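These features come from TrEMBL:
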type: DOMAIN; residues: 94-199; note: domain 'Rieske'
type: TRANSMEM; residues: 490-508; note: transmembrane segment
type: TRANSMEM; residues: 515-537; note: transmembrane segment
Amino acid sequence: MALQQPFLSELLHSSSKRTTLPKSSLFSLQIPQRFNFYLQNKQFKKQGRSCYAIAENLGAEVLDEDQSVILENSSLDELRGQREIVGYDWTEEWYPLYLTKNVPDDAPLGLTVFDKQVVLYKDGSGELRCFEDRCPHRLAKLSEGQLYDGKLECLYHGWQFDGDGKCVKIPQLPENAKIPRSACTKTYEIQDSQGVVWIWMSHRTSPNVNKIPWFENFDRKGFRDISTIHELPYDHSILLENLMDPAHVPISHDRTDFTAKREDAGPLFFEVTERTNRGFAGWWGKEKDQGKANYTPNFLRFESPCVLQNNREIVDESGEKHYFSGLFLCRPSGQGKSMLIVRFGNTRKRTGILKFIPNWFFHQNASKVFEQDMGFLSSQNEILMKEKVPTKKLYLNLKSSDTWVAEYRKWMDKVGHGMPYHFGHSTIFLPQQPAVIEHAPAGFVANFSAAQPAKGGIGDMYAPNPANRYFRHVVHCRDCSNAVKAFETWKKALSVIALVSTAFAILVSGRQWKALLLLWTSLCLAGAYACSTAIAMNTTNFIRTHRRL
């Protein structure tokens, strides 16, 4: 998934260790089970597989598929019942919560990390605060509340909380009565780093600030980025897997922009240069570009828990080096849900017409890219939940396209035991609790309305609808929400002007005046239509249209 080719910098630092799990481990298959599965696979291959195809390459020879085409599913250690695992606790990590610039100034914001619901807001001094999203009184969502004199007020009974989570006002208490000490909220540690709000989910251990990711390119002089945020209806692991898959871009996003063309689809090369407890990194690019003079491949890095970078360095004709980055910060927001912060940036200045294209237009193109993937990624999520088996039994991973996907799922095998649930390459750990389905008005509608800077959006026509671009992106983006409001205002103003101009054209007697007024009416109507088109871009329900080949 990409708007342009994304690329990646730094290396991971922690080292891994190998541990042999007991046979009764929940996270590995029993040795007999694994060996039987291995024998069944071998027997299946001996019988012959009739559903393979020969590459469309003149003179291509049919080689053994395990050695030349398909990534190996089982290592020797797996067959012996051994598993490489590392200590991991999902709460002792920093998660990307929100873009700092898009946090509302005048309303609390309801968000989730896995199944933990939190509320983010700015207090009276403009400092960011984060609490558990429930009032200690009767469990009402604080994100449905309001900011009152810099304090967060629950709109159920008016309890107010200061920035430290302490309750400072209960309207129902008798005069001179003391507020109970237990009337406080659970607070979360947050940090603002390079324009992103990060949250530490553990209350057992102190925040480790050294774990907050630092992105070198975003700190370079002259680096500019376009940042967007999107809610998506599938698991964060599905999202990350998709973002690690450059092979799908020419097909899924054909002609979405000038970088994706279906005829460019082809084999890729991958080189894994590092595997650690916290992720992996390596180079990738088009196989046909290998060996070309001055060719620089892309560098990808995945780092725990949910950070993916793609970086590239290019030297132009004048010898100046330019840095390009695609940064993807994926937050798990519940079973079958995720929120993604996308940051594309570079040190090269915009030239030509690109200088005049507003950010909201680039955001709409980004939304279209994610919408193009949404249908099959949601169905992939459903199949994983239904089949309840590791991905190696379901995926047919190719060496020339799926190396990063396999690396990610194998990393899940090492750390998945420390997550609420996971789907690894050889292991799974299913959710212990069913997904929370929130219903209006207490949850579903409240979350959407709380997420909007203006509380309730800009009109009744935008009823909460997770299939709509407005609620997947615009309510979380200050640039786009302001653009929609501006287009609404201009549309109404131009419509009124066109109506008045038409009335004057009817009343005046001079032919030249009639022609001039009618021309003015036509221009106003054209402007109103353009505003309607821009509004529709921000509020559309995506439907894929297939191009006839």
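In case you wondered, yes, glycine gets a Cβ from its N, Cα and C as well.
Counting same-chain residues at least six beyond the ends of the transmembrane segment (515-537), those with a Cβ under 8 angstroms from any Cβ of the stretch are 364, 469, 483-484, 487-488, 490-491, 494-495, 497-498, 501-502, 504-505, 508. For the domain 'Rieske' (94-199), residue counts in helix, strand and coil come to 6 helix, 46 strand, 54 coil, using DSSP. Regional average pLDDT for the domain 'Rieske' (94-199) in the model is 94.
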